[in-house]
Amino acid sequence: MSSDQFHLNFSLMSPGHYRAAWRLADADPYAYLDVDHYVHLAKIAEAAGIDALFQGDSPALGPDVATGTSGGLDGFTLLAVIAGATERIGLLPTVSTTYSTPYSLARRFQTLDHLTRGRAALNVVTTGNPAAAANFGASAHPDRDVRYRRAHEFLDVITRLWESWEPDAIVADKATGQFGDRSRIHAIDHHGEFFDVAGPLPVPTSPQVRPVVSQAGETPAGLELAAEYADVVFAAGHTVAKARASRDDVRARARAHGRDADAVKYSLGLIVLVGTDQEDAERRHDELDATLPPIEYLVSAVLSSLGLPADAFGPDDVIRLEDVPAEPNLRAFSVGTYNNARAVLAEGPRTLRELVAHTAGIGTHRLLVGSPEHIADDLESWWRQGAADGFTVMFADTRVDLERFATLVVPILKERGLFHREYPQGTLRDRLGLPVPAARSAGRRPVASPAGR
């Protein structure tokens, strides 16, 4: 990726970040389970030159299933299917470091990277939903500190597993009959707080050496994790100043870990509602607002995320910024909802009913409503002010807004020279301008020399 252009990822979340968009008259409530729906969207995105397809995921049913889709299809499986229907676009599913094991994920993503010729990526989360614990035989959901300690160890192990084969470990000498050189294939012999992993992988190094790693979240713990291990931060900055400060923070942390600041890209998430013009955008916005469920379904979740008692405000009571704690409750289900609500209240007081419509109905990211030109102007402005290296674009109603963004907004960005006109050559890592970090040597020994001999 040229330094004078930004990257774009597309979310496939369906029906969209207005989770009640399934209620629209022409919407198919079951499309989120239909492979043809996703393949259609993927081909539109690839035709526009989009860098990667993103799919969020949760290892448990979410709290809002009464009003819309919650959880849904396994992201890795979905994007592996899409891989066979596409050729260039990157594949970025979400995985939990709390409810996965590093060896199994290292092997799956190394395999995907081979089969897609260097298009694999993973978005790591520590999982905030406590309901997940019971699905994995755990007596309780670990607290945030434990989850992040596990995530650090997880990414250290998975990185070393990906590097367990040297690039020239496959000799394939037909004359001598030697296929692999065991002296170039290394065990990792890891013994830590959470994992004991011998290694190596049974899969040789892949086109990217390491699949691209994205880390979701902009808490200090999340930024520290990203600074040490990740290639991309997926963030939800709601103001230019906040996003720029967060980007500067992770770049400084990366330098403290001996990395180049440009080795970590800051991808800002936002939700778009694209109109053919501003009037059309506002009309569609009103239609989607009308799909939101009764406020009773959503009040407790929003107030809890704000650190307020469930009965602190009635639906038509006015909430001001000073009514909300200055710092988020890090044990809350969604820190993003807290940040989104504070950003809304910073613009002026809102009734609880209005605040719920701005937050719980659409998720935790900034909502951008407007014409193609307005949306292109907004992205360019945030990027030029140093708030992002690129954007992960999510959609109010994915079946409509993904295609509109691809066919109406992307051409404007290309015309302005802000986005590549054609896919650059190489892997996803190459396209994002990411280096291949030097291999970590700790714990490496040739598999031909078993420990203890």
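The backbone N, Cα and C atoms fix where each Cβ goes, glycine too.
Unlike curated records, TrEMBL annotations are generated automatically.
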Record-annotated FMN site (TrEMBL): member among Thr94, Thr97, Thr111, Thr116 besides Asp57, Tyr148: Thr94
Local Cβ density at Asp57 (FMN binding site) - other Cβ atoms counted within 10 Å: 19
For Thr94 (FMN binding site), the number of other Cβ atoms found within 10 Å of its own Cβ: 21
Whole-number mean of pLDDT values that fall within the domain 'Luciferase-like' (28-386): 92
